[in-house]
Amino acid sequence: MAPPTAPLNLDVEAISGICGSISIACWVVVFSPQILENFRRGSADGLSLQFIIVWLAGDVFNILGAVLQGVLPTMIILAIYYTIADMVLLAQCFYYRGFTWKDEVIPPAPKTRNRTGEPNERTGLLPSAIIDRERRGSDWSNLSPAAPMRPESAPAPPPRPTTTLQALLWNTTAVLMVCAAGVVGWFLSRKYSRPEEPGHEANDNDNDALTFNTLGQVFGWLCAVFYLGSRLPQLLLNYRRKSTEGVSMLFFLFACLGNLTYVLSIFAFDPRCKHDKCAPGEASAIYGRYILVNLSWLAGSLGTLLLDMGIFAQYFIYRADEFASDDEEERDDQSIDEDQWDQRPLLARGDSVYQ
């Protein structure tokens with residue numbers, strides 16, 4: 001028999017739990033879009049290897065600092081998961097690139113200008129199919145009346161890239177599904193956990209959680225420095241390539257949402273005093289000490305959140321440039337097609353002239 005369901009009360013502790021659960025859901029799936037993107041392209045050229053290495057170093061210090069400082073169990077679990085996922089992504093980069101520690105600036109592959117397969121001023125005088133047939137020798141079967149000559153069909157045009165609106169709809173749907181999963185996870189954990197008594201008082205364990213651990217704080221601030229420095233190689237690589245191709249924006253979108261809800265879960269803290277009654281200014285002092293204990297983790301998450309906004313800005317800037325260049329190429333192809341010679345038979349041309 002299931003335990004009785006406690007009444008739904010969205011207090012500060014519940015808001016912290018919901019935000020923490022959404023953050024866990026985001027960080028569980030955050031690496032999947034980038035791993036799938038690398039697998040789909042068969043390459044990891046768009047991802048900065050130094051970004052992954054520095055991020056991995058930050059995750060290692062995150063584990064050490066979180067364990068020594070005795071922060072929330074959610075933070076420790078996430079730190080361990082980050083490290084494992086970083087290793088998987090790093091192994092994928094080594095698999096596609098080889099064992100190297102440097103980021104090679106490989107520009108994105110140029111797009112085919114002639115999408116319809118029609119001749120223009122950039123193509124050769126003879127189609128490639130005719131040249132290949134002449135190299136292989138004459139095809140005598142085409143001289144038989146039973147096998148009439150048929151023009152070879154043009155290759156199918158490549159699919160158009162995903163538009164900004166389509167990408168926005170897909171990313172929004174994925175984010176909403178992950179947020180819903182986080183809320184459901186929090187609700188289920190609350191439903192099947194033992195509810196606290198209304199008169200719960202702060203004990204010595206709660207007070208010990210707000211004590212400073214020197215080594216834990218050192219590791220926590222080292223973690224924040226590595227987290228802030230990890231985004232810089234990716235920003236630099238995107239700038240040098242003038243493109244974000246190969247970088248999954250859903251990867252950074254989940255990272256932004258995970259950091260945002262992670263910060264909110266820390267800020268949503270309800271200070272508790274002994275005997276369930278706070279002296280004047282005691283609650284503020286407890287909350288301030290709690291923020292100071294978690295300040296390094298707050299700085300790392302907020303800083304990476306701002307730097308991820310820079311990656312999003314690069315995405316929209318370079319994607320707008322790509323669409324502008326595609327439109328210009330299409331206009332050039334249309335003007336070339338309009339200026340092409342009339343390839344109809346001579347009699348057909350005469351009919352059109354005298355009509």
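Here the Cβ of each residue, glycine as well, is placed from N, Cα and C on the backbone.
Listed in TrEMBL for this protein:
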TRANSMEM  14-36  transmembrane segment
TRANSMEM  48-68  transmembrane segment
TRANSMEM  74-96  transmembrane segment
REGION    107-128  region 'Disordered'
REGION    141-162  region 'Disordered'
COMPBIAS  144-153  compositional bias 'Low complexity'
TRANSMEM  168-189  transmembrane segment
TRANSMEM  209-229  transmembrane segment
TRANSMEM  250-269  transmembrane segment
TRANSMEM  289-307  transmembrane segment
REGION    328-355  region 'Disordered'
COMPBIAS  328-340  compositional bias 'Acidic residues'
Take a look at 14-36, 250-269, 289-307 and tell me which one has the most Cβ pairs under 8 Å to the transmembrane segment (48-68).
289-307
Interface present between the transmembrane segment (289-307) and the transmembrane segment (14-36) (three or more C-beta pairs under 8 A):
no
Top stretch among 168-189, 209-229, 250-269 for CB pairs under 8 A with the transmembrane segment (289-307)?
209-229
Are there residues at least six beyond either end of the transmembrane segment (250-269) with Cβ under 8 Å to its Cβ atoms? List them, or say none.
12-13, 15-17, 19-20, 22-23, 26-27, 29-31, 33-34, 37, 72, 74, 78, 171, 174-175, 178-179, 182, 287, 290-291, 294, 297-298, 301-302, 304-305, 308-309, 311-312
Spatial neighbours of the transmembrane segment (209-229) far in sequence, C-beta under 8 Å, 6+ residues away:
54-55, 57-59, 61-62, 64-71, 286, 289-290, 292-293, 296-297, 299-301, 303-304, 307
